[in-house]
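Engineer: So TrEMBL lists the following for this protein:
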| type | residues | note |
| --- | --- | --- |
| DOMAIN | 60-120 | domain 'Acetyl-coenzyme A synthetase N-terminal' |
| DOMAIN | 129-515 | domain 'AMP-dependent synthetase/ligase' |
| DOMAIN | 577-655 | domain 'AMP-binding enzyme C-terminal' |
Amino acid sequence: MSSNHLRHVEFMSLLPSGAGKISQSNAVVLGESLASEENDLVFPSKEFSDQALVSSPQQYMEMHKRSMDDPAGFWSDIASEFYWKQKWGDQVVSENLDVRKGPIHVEWFKGGITNICYNCLDRNVEAGLGDKIAIYWEGNERDVDASLTYSELLQQVCQLANYLKDHGVKKGDAVVIYLPMLMEFPIAMLACARIGAVHSVVFAGFFADSLAQRIIDCKPKLILTCNAFKRGPKTINLKAIVDAALDISSKDGVSVDICLTYDNPSATTRESTKWQTGRDVWWQDVVPKYPTSCEVEWVDAEDPLFLLYTSGSTGKPKGVLHTTGGYMVYTATTFKYAFDYKSTDVYWCTADCGWITGHSYVTYGPMLNGTTVVVFEGTPNYPDSGRCWEIVDKYKISILYTAPTLVRSLMRDDDKFVTNHSRKSLRVLGSVGEPINPSHWRWFFNLVGDSRCPISDTWWQTETGGFMITPLPGAWPQKPGSATFPFFGVQPVIVDEKGNEIEGECSGYLCMKGSWPGAFRTLFGDHERYETTYFKPFAGYYFSGDGCSRDKDGYYWLTGRVDDVINVSGHRIGTAEVESALASHPQCVEAAVVGVEHEVKGQSIYAFVTLVEGVPYSEELRKSLILMVRNQIGAFAAPDRIHWAPGLPKTRSGKIMRRILRKIASRQLEELGDISTLADPSVVDQLIALADV
């Protein structure tokens, strides 16, 4: 019997719920290129598993079982590795997730007194990591770079914290951060946390109305921004957007006294920056004058750490509130295990700090582990599509965490952009933001990772604070496109329409049973909406809003938002499934699927398809794409319509705006609504022009 076969049998006998049923002929060990069968198993190499923090399904299952049977003990042991001014009380966790039993509440480590900035910085400096690089910063242009050690970062954080304190910012006060990916971004977040202020970061791709909405909701003491920045070849005048937002908010009765503005000479000059004397202050003129040490404001584990607004179905953004202690313990632990972190790793997460990924996995999670983090100001395909891999080689990045949207955009270009660079330093890859479909997973795995780097395909949300379902890279075989198994302390359940739990192989609504330390505690100023949105749909559970299936081996597959489920003749079809099938066609780079009304079927499937550069539109290709879906899923899932799409309408974070696609598909062009927040609004006109091609 071959060693691969033995290894397969050994792994499969240990996996949850009958995983031994998979035919060993499909098993692939990391280091061998991946075939295209949907249900391939991709094994970590023996060398990788031997050095991994969790090296077998057995070890994982023992740890997960303990986290379920004794959550208080499991998480207390981990929490004790951090610095607490005062230990929490006897009750580690207090929770009610059932609206029928009273108000929803979640508390972890209440009574414990700590500070997340102290644990990210001072604790690491005191442990001898003061001279270790904390941040490598890569500018928009090649050869523009900088770095900070943990000691230097601590000093700069303290200077800004002292400035904030000196200008009346106290524990519990809100501070809005509206910055591009400069080193000052994580510095600003950590400075707020140091003094107990609540940061509310707004992604620098949002325009004045969205920024004003968030300012009006959280009423910040001051706003931190910069005059302008370059994103690829474009200059974005951030300060002008802030000025407009502050005009809007002041008309609503919310004025902000100070706008601390970082002078970014690579993008614009001070002279060409509009200025309001008395309110606007240049960062470099004041912050460096402050002392480089700053007293820590010790806070309760349940004191708020940050607000982060996420889009709501009603249009009004929801202010997701995370607190300090549980979030600290959870982000640090998920980072450590999901990326199999080693102290020698250099880590790059391509996400912007304006999103939850940038909070949990650019700033807090990595720095709590004393990690060297790469922060990149630019775009991965500027000045060309080799930039990403150039950065990987330049800093010898070993862990790369990115999004399927970036993978798709780089797939459209020639593979030589990847293969011209060594990438030998890479050992773990990661994916975040949406399910990565199997064909994109394979490209990422085979080409970028040379078929040797496991992919941590993470499922989680702004609301969960950290990873919920994720591979642990050395512990079990992966299936391309599956988020695999729950993290420690996480108990996913799949329920039907009536809220009944479904066992074994099934599809339904993904919910969580019981709380976890990283969970958000409320929606700012709207606890009722918090309960209605997340806890009322299925009483007794946290409802994720996502559809999910579990296969015969217990692997979890996310099928997209439930509102992205199409009902064709009584068949519930997840958009992600159809999109995956279309994207597996060799001439399709990306697809987005929506439902449109159909007088017979109720809904029919309407697919927008982006082809490989240079491939002409043709009726044969249309038929071939439809056949791909029929063959992979079934005739019931075949799209009725293929609409050619040179590009898709996306937000600046890469999310596809299906609302706009639905309107185009239904020909309700007068109801398109606001398209100014799209990364490229001109895509909409292109799609309309191609409606009848």
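Note: Cβ is positioned from N, Cα and C throughout, glycine not excepted.
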Engineer: Could you please provide the mean pLDDT value for the domain 'Acetyl-coenzyme A synthetase N-terminal' (60-120)?
Structural biologist: 98
Engineer: Count the residues of the domain 'AMP-binding enzyme C-terminal' (577-655) that DSSP assigns to helix (H, G, I), to strand (E, B) and to coil, and report the three numbers in that order.
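Structural biologist: Counting residues per DSSP class in the domain 'AMP-binding enzyme C-terminal' (577-655), I get 24 helix, 27 strand, 28 coil.
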Engineer: Using DSSP, how many residues in the domain 'Acetyl-coenzyme A synthetase N-terminal' (60-120) fall into helix, strand and coil?
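Structural biologist: Residue counts in helix, strand and coil order: 27 helix, 11 strand, 23 coil.
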